Amino acid sequence: MIISASTDYRAAAERKLPPFLFHYADGGAYAEHTLRRNVADLSNIELRQRVLKNMSELDLSTELFGEKMSMPVGLAPVGLTGMYARRGEVQAAKAAAAKGIPFTLSTVSVCPIEEVAPAIDRPMWFQLYVLKDRGFMRNALERAKAAGCSTLVFTVDMPVPGARYRDAHSGMSGPNGPLRRVLQAMTHPQWAWDVGVMGKPHDLGNISAYRGNPTGLADYIGWLGANFDPSISWKDLEWIRDFWDGPMVIKGILDPEDARDAVTFGADGIIVSNHGGRQLDGVLSSARALPAIADAVKGELKILADSGIRTGLDVVRMLALGADTVLLGRAFIYALAVAGQAGVSNLLDLIEKEMRVAMVLTGAKSIAEITSDLLVKER
């Protein structure tokens, strides 16, 4: 298959991956209305085309939390990334570092912190959930700090797992899940050899290091699910703020009041996110939630956004809506599944190319010039 656009990777990934893995990344919660709206609402954002502005020189670079970035894009934390390519977290991190942008390692990564951090020449970010096992949280924070992780991404929109019905249909969970996954792997021999055989171990590295024994897929569904903490409040985050001396970003903000609470708490940034439509179906898309949040807290902390971003044009739209930086999730997972590190590198090049086209045709010569002035106002 010819890859000519950033969106081409999805179809290629569906052909290459066993269904349980493709649908785990591709699916959302309940009937997946929010999942679809994330993409549709962003696609419906109209930009003002400007001409004759001498756009011969563009500057896509930016800076976030003291880190220089070649463009305002990072890779979001995605669980089980190492199941989509051999040692997938390492490959994705290398692609991000080569591009000069941050990579965020998930709590539930296959490759542990200690494997990924030394593989790249810039500090990575680390994502953490609030879990009942506070000992694990402290252990993970200590290891992230020791490995030189620069920014902590704290996910707060998962006090309980979302109802992801597609996982049960695909074999990721549900009746006879293990048998169905084996049968699917047998019909996808390229993945079975490259990842299933050569990509071992398939345990959850960060959790295994704490528990002292391998933590496989069944434990991911079991131990982690049992450890999500619905009693979480802002007060529970105070000890983490005291312990972590680097930038701290709160992921999962959709309401201006929560954004203001994050400012009061002392967060360095927030991520406007609905978990890619994987938690509560029916909530606002990130594109619709972002403008009100930007109006409430812009300038008081950094605003990042994810969910629904598939192209460089989408990046420009999110920046115009008020984001300082965006994070890619599914988009890079599809590319990783298709071609590993090279796939992610090519995706990022395509994203940059698409951004450049959008900036030239809207008259924005730098990231600072991508503002709400680029948006078509409702008449």
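Glycine is no exception: its Cβ is also placed from the backbone N, Cα and C atoms.
What Swiss-Prot says about this protein:
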- 1-379: domain 'FMN hydroxy acid dehydrogenase' (DOMAIN)
- TYR24, TYR129, ARG164, ARG278: substrate binding site (BINDING)
- SER106, GLN127, THR155, LYS251, 306-330: FMN binding site (BINDING)
- HIS275: active site, proton acceptor (ACT_SITE)
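Sequence features, as recorded in Swiss-Prot, placed on the structure.
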residue	record	DSSP (3 states)
TYR24	substrate binding site	helix
TYR129	substrate binding site	strand
ARG164	substrate binding site	coil
ARG278	substrate binding site	coil
ASP306	FMN binding site	coil
MET318	FMN binding site	helix
VAL326	FMN binding site	strand
Item to check | DSSP-derived structure type at SER106 (FMN binding site), helix or strand or else coil | outcome: coil
Checklist outcome for this item: Cα nearest GLY322 (FMN binding site) among binding-site residues (TYR24, TYR129, ARG278) -> ARG278
Next on the checklist: Of the recorded positions SER106, HIS275, ARG310, ARG330, which one has its Cα closest to the Cα of TYR24 (substrate binding site)?
Outcome noted: ARG330
Checklist entry - Compared by Cα position, which of the recorded positions ARG164, HIS275, ARG278 is the closest one to ASP314 (FMN binding site)? => result HIS275
Checklist outcome for this item: For VAL326 (FMN binding site), the spatially nearest of the recorded positions TYR129, ARG164, HIS275, ARG278, using Cα atoms, is HIS275
Checklist entry - Where ARG310 (FMN binding site) and HIS275 (active site, proton acceptor) are concerned, what is their Cα separation in Å, rounded? => result 15
Checklist entry - Are there residues of the same chain, six or more positions away from the residue listed as 'active site, proton acceptor', whose CB falls under 8 angstroms from its CB, and which are they? => result THR155, ASP157, MET158, GLY162, GLY252, SER307
Checklist outcome for this item: One finds that other Cβ atoms within 10 Å of the Cβ of SER106 (FMN binding site) number exactly 23
